[in-house]
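In what follows, a single structure is set out as structure tokens and then discussed.
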Amino acid sequence: MSSQAVSFLELRTPAAARAEAAKTWPVEKVLELFNLPFNELMYRAQQVHRQHFDPQEVELATLLSIKTGGCPEDCGYCPQAARYDTGVQAQKLLELEQVLAAARAAKEHGATRFCMGAAWRGPKDRDLDHVEAMVRGVKELGLEACATLGMLEDGQAERLAAAGLDYYNHNLDTAPEFYNNIITTRDYENRLDTLNKVRGAGIKVCCGGIVGMGESRRQRAGLIAQVANLDPYPESVPINHLVQVAGTPLHGLDPLDPLEFVRTIAVARITMPKARVRLSAGRRELGEAVQAMCFAAGANSIFYGDKLLTTGNPDAEADMALLEKLGMRIKHTQVSANMAE
Ligand code: SAM
Ligand code: DTB
Ligand code: SF4
């Protein structure tokens with residue numbers, strides 16, 4: 001039986017159907033948005049975008065992998081999982097000075113947000129001593145600080161909050177019913193639990209997922225519904241296009257129709273009007289025309305710099321040229337992207 005069929009069956013019980021209908025964004029409603037004629041969907045997304053943001057403005061965030069590769073998890077998309085032979089060289093946690101040098105360079109190149117990623121299942125308490133110092137240093141440079149370190153234990157989010165961390169990135173990645181096709185070493189509930197801890201510690205939430213992993217349109221709608229139904233929804237929503245890396249189980253899949261990716265951005269914009277929707281991994285492969293459509297659909301944040309964590313990103317000059325061609329401006333202010341924005 002397909003996972004889709006299972007989700008329909010589950011909804012046959014009146015209690016489950018009532019619970020689903022009571023959500024801010026039932027999956028069916030999100031799917032209706034996906035199913036709109038393309039131009040109608042774009043029009044609605046642009047209307048919502050303009051109510052809350054200057055549509056010409058884009059936020060630049062720079063990523064740095066502070067601890068690379070050798071990860072014990074089995075995320076089927078990830079070049080950093082130790083069990084896949086992807087050619088990624090494992091590297092231990094960077095020194096504070098290396099991180100701050102990268103943050104200074106990011107600031108000089110115009111980024112306002114600096115995101116530190118670590119290939120951990122979750123941080124150990126002694127790792128956090130180092131990450132706290134990195135967060136403090138990044139904040140002293142006048143940058144917003146974001147970290148993505150995996151699952152958090154009790155008390156760890158509070159430690160990061162005390163160090164001044166603005167955002168914690170932790171993705172739901174895909175719809176619940178497709179999730180086990182992609183990851184088996186941690187479950188959906190673990191992810192929701194970490195997101196609760198982040199929220200509870202007063203850190204802003206950055207949470208989204210990946211499309212192009214072989215999921216159906218309904219499952220893309222399922223991912224967006226899950227993120228949009230978080231209460232409150234995240235301040236920042238990265239939509240990643242799968243970067244297919246040789247050696248990972250998802251390498252070799254048929255690529256997603258790019259217009260489906262644009263639709264996903266538009267639906268995220270409509271369902272989470274005040275969030276920064278981040279056009280994240282996969283920009284290099286999408287090309288300029290599709291990126292332009294993503295901005296038109298309401299994306300207003302990108303990762304900026306020649307590298308994501310281990311894979312490529314458009315180079316900085318190409319990004320500047322694209323933004324100029326589109327008449328877009330960089331968000332310069334240090335005002336944090338909170339719900340009052
Ligand atoms: N290890 C931590 C974790 O998994 O939470 C943090 C780093 S992990 C690389 C952060 C996110 O990057 C993942 O949740 C996934 O959404 C995204 N990602 C990883 N590999 C990707 C790929 N090949 N294509 C697109 N997104 C990817
Ligand atoms: C997110 O959602 N996308 C970024 C960030 N959060 C950390 C990571 C993308 C990683 C792409 C694969 C790589 O470069 O290793
Ligand atoms: Fe590890 Fe994160 Fe990659 Fe999963 S996504 S294998 S947890 S680095």
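Glycine is no exception: its Cβ is also placed from the backbone N, Cα and C atoms.
Copied from TrEMBL, the annotated features are:
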- CYS71, CYS75, CYS78: [4Fe-4S] cluster binding site (BINDING)
- CYS115, CYS146, CYS206, ARG278: [2Fe-2S] cluster binding site (BINDING)
- 56-283: domain 'Radical SAM core' (DOMAIN)
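Positions of the features from TrEMBL, shown on the structure.
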residue: CYS71; record: [4Fe-4S] cluster binding site; Cβ contacts under 8 Å, 6 or more apart: CYS78, GLN80, ALA81, ALA82, ALA119, TRP120, ARG121
residue: CYS75; record: [4Fe-4S] cluster binding site; Cβ contacts under 8 Å, 6 or more apart: ALA81, ASP173, ILE182, ILE183, THR185
residue: CYS115; record: [2Fe-2S] cluster binding site; Cβ contacts under 8 Å, 6 or more apart: ALA61, THR62, LEU63, LEU64, CYS146, ALA147, THR148, TYR167, ASN169, PHE303
residue: CYS206; record: [2Fe-2S] cluster binding site; Cβ contacts under 8 Å, 6 or more apart: CYS146, THR148, TYR167, TYR168, ASN169, HIS170, PRO234, GLU235, SER236, VAL237, PRO238, ARG278
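Closeness to ligand 1 is met by CYS78, these being the binding-site residues among CYS78, CYS115, CYS146, CYS206, ARG278 whose Cβ falls under 6 Å from the molecule.
Confidence across the domain 'Radical SAM core' (56-283), taken as the mean pLDDT and rounded to a whole number, stands at 97.
With a cut-off of 6 Å between Cβ and the nearest atom of ligand 3, the binding-site residues CYS78, CYS115, CYS146, CYS206 reduce to CYS78. For the [4Fe-4S] cluster site, the Cβ centre of CYS71, CYS75, CYS78 serves as reference, and the other residues of the chain with Cβ at most 8 Å from it are GLU73, ASP74, TYR77, PRO79, GLN80, ALA81, ALA119. Highlighted in sequence order, ALA61, ARG113, THR148, TYR167, ASN169, SER236, PRO238, SER301 have their Cβ within 8 Å of the centre of the Cβ atoms of CYS115, CYS146, CYS206, ARG278, the residues recorded for [2Fe-2S] cluster, and are not part of that set. Counted within 10 Å of its Cβ, the other Cβ atoms near CYS78 ([4Fe-4S] cluster binding site) come to 25, all protein chains included.
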